[in-house]
């Protein structure tokens with residue numbers, strides 16, 4: 001989210017590489033092991049080594065409910081890829097762990113820990129208001145799916161790299177590591193999930209992470225059919241930063257018009273006029289950056305758009321300025337991410353109780369929810385300036401279902417920009433999707449028990465090839481009265497949305 005902050009200068013948030021993606025499952029404790037597996041025990045961890053890639057191994061241990069009352073089996077550990085070490089936290093489904101799907105969650109940034117998504121949004125437990133414990137989350141996504149949370153890329157959260165080794169600096173490199181992680185996770189550690197449907201979810205810079213990881217999975221499955229196959233079925237992208245150009249374009253509509261929850265425009269006529277005048281030049285230089293993604297060119301384009309459009313709001317998006325780019329109707333409560341829950345979470349994950357349970361290695365000195373080093377590394381490349389359009393198009397053409405869901409109060413990765421970007425994706429369903437109007441969708445609210453309108457949506461189901469045996473779904477779903485983190489703002493609606501999607505149900 002810090003990237004969000006700077007980026008929302010805007011470029012940064014956009015590109016979220018899709019790349020963490022582990023699958024999960026297992027119910028035995030200890031984990032079951034067959035004779036063909038290479039497994040050792042060390043300092044309380046079981047260590048599984050890949051038969052396909054000997055330099056890859058996973059350290060894993062089972063957790064009880066002392067640090068997170070998950071209502072199901074849970075495991076933590078690290079994937080070791082030579083000098084790189086990725087931390088994960090895995091929860092079996094509370095419903096049917098044998099048959100329910102696997103869902104990976106990736107928080108964005110770049111540089112933000114997926115523990116934010118776990119302990120603030122969709123995990124089975126949430127950090128309490130004091131930052132000294134957790135409470136059960138009745139709307140956690142593990143009620144219907146096994147959930148895997150990974151701190152990625154290396155250098156984020158509890159993940160770390162050996163001294164002297166570089167950290168990944170773009171979405172593709174991150175996706176390569178995550179794909180290997182998934183292969184080892186489902187083939188060696190939890191082989192009973194090898195054939196389970198797999199979904200990739202996340203938010204913000206996840207708009208890059210998710211498509212990149214999804215594309216890596218599809219390509220590697222085709223190239224190496226004899227290696228473990230990750231059974232990717234769909235991607236769920238929440239307020240994704242997909243394209244810097246489109247996100248910036250959406251600033252005017254988000255700040256200068258109204259929508260449910262916004263009774264009058266946030267900006268006055270003077271500021272809206274300034275943005276409108278500067279928009280053509282910003283779009284021109286952004287297009288130059290897109291076609292020539294050299295870091296110097298794109299940084300120059302970013303400066304133009306920041307000065308004339310995004311900076312008019314973003315420079316005031318902190319505690320002092322009072323504005324909140326993640327929810328334009330509420331004030332910023334804490335610098336960097338604007339939400340105090342992030343600080344509570346960070347405090348909790350640094351307690352002795354948690355460290356005794358997780359057993360981080362000596363290389364991990366403390367937990368931080370944001371990594372300046374990873375943010376800086378990505379910022380030196382053109383990764384955040386290049387939209388994830390090609391990866392999304394590739395996934396759709398390979399029959400991977402995609403849902404983009406949007407909290408309408410978000411500015412950082414706004415609804416207006418992402419809807420325009422979605423219409424511009426060149427694929428077989430483009431014409432039909434663009435021609436459709438958004439229609440209301442309903443959800444039964446926990447507060448009233450009534451089936452009420454909660455947003456708008458549209459969807460197409462397209463047979464992408466003549467030989468396709470099923471239609472590929474692409475859905476755009478909005479949620480009113482929610483900002484950048486829909487599951488935090490409207491947990492019951494977000495759970496309903498996720499459950500309908502992975503079970504193949506419609507929204508209207």
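Glycine is treated like the rest: Cβ placed from N, Cα and C.
Taken from Swiss-Prot, the feature signal peptide covers 1-25.
Cβ-based neighbour count (10 Å, all protein chains) for residue 132 (N-linked glycosylation site) stands at 12. Taken from Swiss-Prot, the feature N-linked glycosylation site applies to 132 (among others), supported by sequence analysis.
Long-range Cβ contacts of residue 169 (N-linked glycosylation site) within its own chain (separation 6+, distance under 8 Å): 377, 378, 380, 381, 383. Residues or ranges marked as N-linked glycosylation site in Swiss-Prot (evidence: sequence analysis): 169 (among others).
For 204 (among others), the entry in Swiss-Prot reads active site. In the three-state DSSP scheme, residue 204 (active site) is classed as strand.
According to DSSP, residue 268 (N-linked glycosylation site) sits in a coil region rather than a helix or strand. According to Swiss-Prot, the N-linked glycosylation site annotation covers 268 (among others), on the basis of sequence analysis.
Annotation source Swiss-Prot lists disulfide bond at 282-305 (among others).
Counting Cβ atoms from all protein chains shown, residue 298 (disulfide bond) has 24 others lying within 10 Å of its own Cβ. The secondary structure of residue 298 (disulfide bond), as reduced to three states from DSSP, is helical. Residues or ranges marked as disulfide bond by Swiss-Prot: 289-298 (among others).
Annotation comment: Swiss-Prot describes 332-338 (among others) as disulfide bond. Within 10 Å of the Cβ of residue 338 (disulfide bond) there are 25 other Cβ atoms, across all protein chains.
Swiss-Prot lists 410 (among others) with the feature active site. Residue 410 (active site): 29 other CB atoms within 10 A of its CB, across all protein chains.
For residue 413 (substrate binding site), the Cβ neighbour count at a 10 Å cut-off comes to 36, with all displayed protein chains included. What Swiss-Prot lists as substrate binding site is 413, 485, and the listing cites similarity to another entry.
Taking the Cβ of residue 451 (N-linked glycosylation site) as centre and 10 Å as the limit, one finds 10 other Cβ atoms among all the protein chains shown. Under the heading N-linked glycosylation site, Swiss-Prot lists 451 (among others).
All protein chains shown were included, and the count of other CB atoms within 10 Å of the CB of residue 484 (active site) stands at 29. Annotated active site per Swiss-Prot: 484 (among others), in sequence order, evidence recorded as similarity to another entry.
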Cβ-based isolation winner (fewest other Cβ atoms within 10 Å) among the recorded positions 289, 305, 332, 485: 332
Mapped DSSP class for residue 305 (disulfide bond), helix or strand or coil: helix
Residue among recorded positions 132, 268, 289 with Cα closest to the Cα of residue 485 (substrate binding site): 132
Alpha-carbon distance [residue 305 (disulfide bond); residue 298 (disulfide bond)] in Å: 11
Integer Cα-Cα distance in angstrom, residue 413 (substrate binding site) to residue 338 (disulfide bond): 15
DSSP-derived structure type at residue 132 (N-linked glycosylation site), helix or strand or else coil: coil
Sparsest-packed among the recorded positions, when each Cβ's other Cβ atoms within 10 Å are tallied, from 204, 268: 268
